[in-house]
């Protein structure tokens, strides 16, 4: 039996097939340009000999429903007995926004679909595609349970002092204006991996997890629970990101509008798509920023310093919130691969018990590794995130608790 994890976008479907017994990856793939006559399908599968093979093809795919029919058919037709046709145990879906309704993964039924649709105003770019995937798979394979795993769920443990804004309370009561946080599946995954590596019970470990990619967020994890996180009502708040500005004086919006005549929609687009690293130096690619900075580009150096300075401030803030910090965890594309970013974020934090080993930080590693000096009271860990595997784990756990595993054989 196997689990299929789905991450559905407005014109794409990313998926991964996991073995039920050990959550190992058997197949992964991407279907993009849905709605066109030249949709591109890329897939990779594990052969009996333990090697990966891959292929790519182009074909017309009208919509998500047709896309999922094609993917499910392809999922049972790989030339390897490792993924020979068998029962689907379940489908796990990444859903971006669960609001205050969903604190944990849930088996999808009509009521769950309705509630996810009700939350579309909080995530208008993501929840519609997530719902489309759920509805398509429920229609195509009604015998297989679907599980919704929410990016926001991990942060629902934040206390009111952390998630409320200092605004008139009726805005929260009537319109749900509050901090929700995102990247929760990634933060949950690396927090669990860190606790296991440190030999600490998850309900004891105090961690600062840093998911650094084109989107970036920090989370304070106390005893396995998120008690604060940098993103807010939307992913725009918090750290400087590839194209998002992060924390900003709200009056900046009004000032720019008065000076330029830009509408609120134009300002929202600018702060989400044209700001952050891209706004400072013209690119959101940290690798290019580091190359240009090394060549003496002042704007690139400024972007690099601003990015890391904001992270350092959050490390200090969350150290105060946690009281005791067992480890700082770097993950995400930048967090896992940029030694200069990790160095700039950690250097000068000795007073917080953070002492980086520069040699270990620069070495090439694979998998989880420590980069602190031996005398550092706080561990510094680099942990590759695996949101799809975490969704698979949560899907399996949720289905087993509910006792509703799919049992029909694939045709």
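Backbone N, Cα and C define each Cβ position, glycine as well.
Per Swiss-Prot, the feature Mg(2+) binding site maps to 7, 387. According to DSSP, residue 387 (Mg(2+) binding site) sits within a helical segment. Under a cutoff of 8 A between CB atoms, and with a sequence separation of 6+ in the same chain, the neighbours of residue 387 (Mg(2+) binding site) are 94, 185, 186, 189.
Here the Cβ of residue 336 (ATP binding site) has 16 other Cβ atoms within 10 Å, regardless of which shown protein chain they belong to. Secondary structure from DSSP puts residue 336 (ATP binding site) in a helix. Annotation source Swiss-Prot lists ATP binding site at 14, 211, 212, 213, 214, 215, 285, 286, 287, 333, 334, 335, 336, 337, citing sequence analysis.
For the recorded site, residue 94 (substrate binding site), the DSSP three-state label reads strand. The substrate binding site annotation in Swiss-Prot covers 94, and the record cites sequence analysis as its basis.
The number of other CB atoms found within 10 A of the CB of residue 151 (active site, proton donor/acceptor), across every protein chain shown, is 26. Summarising the annotation, Swiss-Prot assigns active site, proton donor/acceptor to 151 and lists sequence analysis as the type of evidence.
Swiss-Prot lists 183 (among others) with the feature site 'Transition state stabilizer', giving sequence analysis as the kind of evidence. Residue 183 (site 'Transition state stabilizer') carries neither a helix nor a strand DSSP state and counts as coil. Annotation for residue 183 (site 'Transition state stabilizer'): same-chain Cβ neighbours under 8 Å, separated by at least 6 residues, are 151, 211, 215, 217, 219, 231.
As annotated by Swiss-Prot, site 'Transition state stabilizer' applies to 244 (among others), with the evidence given as sequence analysis. In the three-state DSSP classification, residue 244 (site 'Transition state stabilizer') falls within coil.
Checked against residue 244 (site 'Transition state stabilizer') by C-alpha proximity, the binding-site residues 7, 214, 287, 334 yield 214 as the nearest. A sphere of 10 angstroms centred on the C-beta of residue 212 (ATP binding site) encloses 26 other C-beta atoms. Cβ neighbour count for residue 334 (ATP binding site) (all protein chains, 10 Å cutoff from its Cβ): 24.
Following the DSSP three-state reduction, the secondary structure of residue 151 (active site, proton donor/acceptor) is coil.
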